[in-house]
Amino acid sequence: MGFLELLEVASMPIVQVLLISILGAFLATDYCSLLSADTRRSVNKLVFVVFTPCIMFANLAQTVTLQDIISWWFMPINVGITFLVGGILGWLVVKLLNPKPQLHGLIIATCASGNMGNLMLILVPAICDEEGSPFGNRSVCRSIGLSYASFSMALGGFYIWTYSYQLVRSSATQFKALAAAGLVSTRTYINDLLHQILEELFAPPTVGAILGFVFGATNWLRNLIIGENAPLRVIQDSVKLLGEGTIPCITLILGGNLIQGLRSSAVKTSVIVGVICVRYIILPVVGVGVVHLAGNLGYLPPDPLFRYVLMLQFTLPPAMNISTMAQLFDVAQDECAVIFLWTYLVASLALTVWSTIFLSILS
């Protein structure tokens, strides 16, 4: 597969995001006034409470079995490493560049959290369909690739709605506390921390992921809702239908926030460059090293597509759900939109270059 073919494949999901964002930006202009700030906030709550839990449950329950969880045991660790290393690098960016306090959690979250949702679901099957792919039979590659991508999406969502959610929430809470110049006791702080942990564990997306794992891993529960002969398959179909609204809604809201962001935000160029360097230069190099080491230690199955997916997890642009969190906690929404604009503009070229490198390594 040549560079131009890879560029086309890698660009498609990015172009989709940009086109829908442009539509969202247009709907948020004074000319249309269909995506006002209040409307975006209301739609965002729907995304958080309804759409995101549904897409996570539907994908996990349908594509991941107990056997998959056992045989793909390294993937949750790999995703955790992307978040850990990305979070450390994001913290270094914050310390070195000293942005506004309300941006601290946002910057660390964008460095730590990759878009393991729609991009993986488009990229992996597209790579399988190309002539000269090193992953064998096209139909088999597509089938197993979609399972890898769905598992990756579910894992990414789980980490995002626990780890990244806490980052953005803490940043928002600290910023608002500083703005109010309030002092709290240690006991109050501990109580608030425990309350936050419980809220994160029972946040709708986290509950959706946990239920998806339970139904996917438990055969009798899975057979109730999955398959043509499942007696309650209408439940899975309904949940899946609701989940399909997640990505369009998030992207439209992001575009709506972008209009306000371009008008009023003042994100330092150095911050944008820092996030781009972390996501598209440092993390992919770390990913190659992690996967190579894990392979040498015998932790990975022999399937080269599995290794490709593991390396790709280190190379993705920031997760769209971060914009949902920024809107949810009313912090750094404009800056989030601007950072996303630049990181997604660079993403197609970065994904193409690194996909070419990954394929050459695996070939």
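Each position is counted from 1, following the chain as shown.
Backbone N, Cα and C define each Cβ position, glycine as well.
Here the transmembrane segment (12-34) has Cβ contacts under 8 Å with residues 40, 118-119, 122-123, 126, 248, 251-260, 317, 320, 341, 344-345, 347-348, 351 of the same chain, all six or more residues outside its ends. The transmembrane segment feature in TrEMBL is assigned to 12-34 (among others).
Sequence annotations record features per position, and here TrEMBL assigns transmembrane segment to 46-64 (among others).
The transmembrane segment annotation in TrEMBL covers 70-94 (among others).
Only residues 6 or more beyond the boundaries of the transmembrane segment (106-127), in the same chain, are considered here, and those with a CB under 8 A from a CB of the stretch are 1, 9-10, 12-14, 16-17, 55, 79, 82-84, 86-87, 89-91, 93-94, 99, 133, 135, 142, 145-146, 148-150, 152-153, 155-157, 159-160, 163-164, 167-168, 171, 246-247, 271, 274-275, 278-279, 305, 308-309, 312-322, 325-326, 331-332, 335-336, 339-340, 343, 351, 355, 359. The transmembrane segment annotation in TrEMBL covers 106-127 (among others).
Per TrEMBL, the feature transmembrane segment maps to 147-168 (among others). Long-range Cβ contacts of the transmembrane segment (147-168) within its own chain (Cβ-Cβ under 8 Å, at least 6 residues beyond either end) map to 52, 56, 59-60, 62-64, 68, 72, 75-76, 79-80, 83, 87, 105-106, 108-109, 112-117, 120-121, 123-125, 196, 200-201, 203, 205-206, 209, 212-213, 305-306, 309, 313, 319, 321-322, 325-326, 329, 331.
The transmembrane segment annotation in TrEMBL covers 271-293 (among others). Long-range contacts of the transmembrane segment (271-293) within the same chain: residues 78, 81-82, 85-86, 89-90, 93, 96-97, 99, 103, 107, 110-111, 114, 300, 307, 310-311, 313-318, 338-339, 342-343, 346-347, 350, 354, 357-358, 361, each at least 6 residues beyond the stretch ends and with a Cβ under 8 Å from a Cβ of the stretch.
The feature transmembrane segment is assigned by TrEMBL to 305-326 (among others).
According to TrEMBL, the feature transmembrane segment maps to 338-362 (among others).
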Ranked by Cβ pairs within a distance under 8 Å of the transmembrane segment (338-362), the first of 46-64, 70-94, 305-326 is 305-326
